[in-house]
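A.B. asks: Please find one structure pasted underneath; my questions will follow.
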Amino acid sequence: MATLKDQLIHNLLKEEQTPQNKITVVGVGAVGMACAISILMKDLADELALVDVIEDKLKGEMMDLQHGSLFLRTPKIVSGKDYNVTANSKLVIITAGARQQEGESRLNLVQRNVNIFKFIIPNVVKYSPNCKLLIVSNPVDILTYVAWKISGFPKNRVIGSGCNLDSARFRYLMGERLGVHPSSCHGWVLGEHGDSSVPVWSGMNVAGVSLKTLHPDLGTDKDKEQWKEVHKQVVESAYEVIKLKGYTSWAIGLSVADLAESIMKNLRRVHPVSTMIKGLYGIKDDVFLSVPCILGQNGISDLVKVTLTSEEEARLKKSADTLWGIQKELQF
């Protein structure tokens, strides 16, 4: 007896189902799921895989997304504790790990998360040896280094979300002050994602008009308008949101989808992301810090050489020294 499906549909070919634009998100906490929904709403993948160790939560999140399939254009959403569900991914986004507690610095999380990465990274590499790795877990600069070391991948394929969000926060606050949309407010926050990030005041502009030229005291202590406060707010913003709602999720999710778009569509847009910076700005150790990078299908293909003041360069170097101090003690 022919089934209803057989009566309705005449099959023409047996297809082998290898996804062309598969994205995996490892970790289905608040950040992982914000990344997932942001990616789904930008139609970046033909298959989305979710991985976590908590199986009930994982299955629930997968089902909840699948139930929205009518409103999405990602035909396949899968999940599993076993990394075989991640096979053939173009991009693997790591959000798993211990989360920052209220008042805890990102650097404090480090050894807890290194131990988690020792399990995750080899499994990702086993099933998607040609993928790009996008690291989001904190402290992101150190964990991007850890992922690079464990994976054995070339440095262009290991990317930290880095200061992409810090710069977005900076541009939002700049826009609020000026009454201009953030996309027309240009400004870069570089270096460590977190407390020692470096705002590049000389590069701040709207429509190519340098703010520093109009207002030479910009970013200095003698600035009557206290623009330094804008960067201070960027640094404090995550702590404030964590204090208020317990974690951050939406902005980092959107920021990660922005990076994923540049990679999946080979856009070659410039983003402040964490990359191996050894040999630049007098840095001699294997550290990852955010500088403006060109992002495309091979990950980071090039970086932009930003002209920094001696003070900015010194701050970058100090970040590098701090990170290396922690990295050289790590056990993995």
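Each residue, glycine too, has its Cβ placed from N, Cα and C.
Look at Swiss-Prot and you will find Lys5, Lys14, Lys81, Lys118, Lys126, Lys232, Lys243 (among others) tagged as N6-acetyllysine. Among the features that Swiss-Prot reports, NAD(+) binding site is placed at 29-57, Arg99. Annotated SUMO2 cross-link per Swiss-Prot: Lys57, in sequence order. Positions annotated as substrate binding site by Swiss-Prot: Arg106, Asn138, Arg169, Thr248. Per Swiss-Prot, N6-succinyllysine is recorded for Lys118, Lys318 (among others), and the stated evidence type is similarity to another entry. Positions annotated as active site, proton acceptor by Swiss-Prot: His193. Positions annotated as phosphothreonine by Swiss-Prot, on the basis of similarity to another entry: Thr309, Thr322 (among others). Positions annotated as phosphoserine by Swiss-Prot: Ser310.
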A.B. asks: Measuring CA to CA, name the entry from the binding-site residues Ala45, Lys57, Arg106, Asn138 that ends up nearest Lys243 (N6-acetyllysine).
C.D. replies: Arg106
A.B. asks: Which state, by DSSP, holds Lys118 (N6-succinyllysine): helix, strand or coil?
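C.D. replies: Looking at the DSSP assignment, Lys118 (N6-succinyllysine) belongs to a helix.
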A.B. asks: Determine, for the substrate site, the additional residues of the same chain whose CB lies within 8 Å of the mean position of the CB atoms of Arg106, Asn138, Arg169, Thr248; present them in sequence order.
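C.D. replies: Along the chain, the qualifying residues are Gln100, Leu165, His193, Gly194, Ala238, Ile252.
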A.B. asks: Take the C-alpha atoms of Thr309 (phosphothreonine) and His193 (active site, proton acceptor) and report the distance between them in angstrom, rounded.
C.D. replies: 20
A.B. asks: For the recorded positions listed here (Asn138, Thr309, Ser310), which one has the lowest count of neighbouring CB atoms within 10 Å of its own CB?
C.D. replies: Ser310
A.B. asks: Largest pairwise Cα distance, Å, within the listed substrate binders Arg106, Asn138, Arg169, Thr248?
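C.D. replies: The substrate-binding residues span at most 18 Å between Cα atoms.
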A.B. asks: Within its own chain, what residues at least 6 apart in sequence put their Cβ under 8 Å from the Cβ of Lys318 (N6-succinyllysine), listed in sequence order?
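C.D. replies: Looking at Cβ-Cβ distances below 8 Å from Lys318 (N6-succinyllysine), excluding near sequence neighbours, one finds Ser196.
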A.B. asks: Give me the CA-CA distance between Met41 (NAD(+) binding site) and Thr248 (substrate binding site), in Å, as a whole number.
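C.D. replies: That comes out at 19 Å between the alpha carbons.
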A.B. asks: Name, in the order they occur in the sequence, the residues of the same chain whose CB lies under 8 A from the CB of Thr322 (phosphothreonine) and which sit 6 or more residues away.
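C.D. replies: Looking at Cβ-Cβ distances below 8 Å from Thr322 (phosphothreonine), excluding near sequence neighbours, one finds Leu107, Glu192, Ser196.
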A.B. asks: So which of the recorded positions is most packed in, judged by how many other Cβ atoms lie within 10 Å of its Cβ, out of Lys118, His193, Lys232, Lys243?
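C.D. replies: Comparing the recorded positions Lys118, His193, Lys232, Lys243, the most crowded Cβ belongs to His193.
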